[in-house]
Amino acid sequence: MTTLANLTQTLEDAFKKVFITYMDSWRRNTTAEQQALQARVDAENFYYVILYLMVMIGMFAFIVVAILVSTVKSKRREHSQDPYHQYIVEDWQQKYRSQILHLEDSKATIHENLGATGFTVSP
């Protein structure tokens, strides 16, 4: 089992050495201008840039959500006296119960279309 562990360790070290050697040679294959630019970028700290972007995106999202909520609230208040909304708000179960209690007052009307008496319904 120790030989397997040694083999694994040896392979890992070999792959790591090849990869690091390749990356170092690839990185050295740059011009002086690219190296100067890379040194300047490495010297700068981008943590504050990321923080700034997060704050700006957060403020923008807060403003958008506030506008959305205020618009929805104003539309809800604007249409509160609309007959459609009053229709929904009313308690229809109570109306049905009151109609059932007064069955003696109910009336039925039958309407007949005399012009359509010659037509038959096809199966």
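Even glycines carry a Cβ here, placed using N, Cα and C.
Here is what Swiss-Prot says about this protein:
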- Asn6: N-linked glycosylation site (CARBOHYD)
- Asn29: N-linked glycosylation site (CARBOHYD)
- 70-123: topological domain 'Cytoplasmic' (TOPO_DOM)
- 49-69: transmembrane segment (TRANSMEM)
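The average pLDDT computed over the topological domain 'Cytoplasmic' (70-123) stands at 67. If you take the Cα of Asn6 (N-linked glycosylation site) and the Cα of Asn29 (N-linked glycosylation site), they are about 34 angstrom apart, rounded to a whole number. Asn6 (N-linked glycosylation site) counts 10 other C-beta atoms within 10 Å of its own C-beta, drawing on all protein chains shown. Under DSSP, Asn6 (N-linked glycosylation site) is assigned to a helix (H, G or I) in the three-state scheme.
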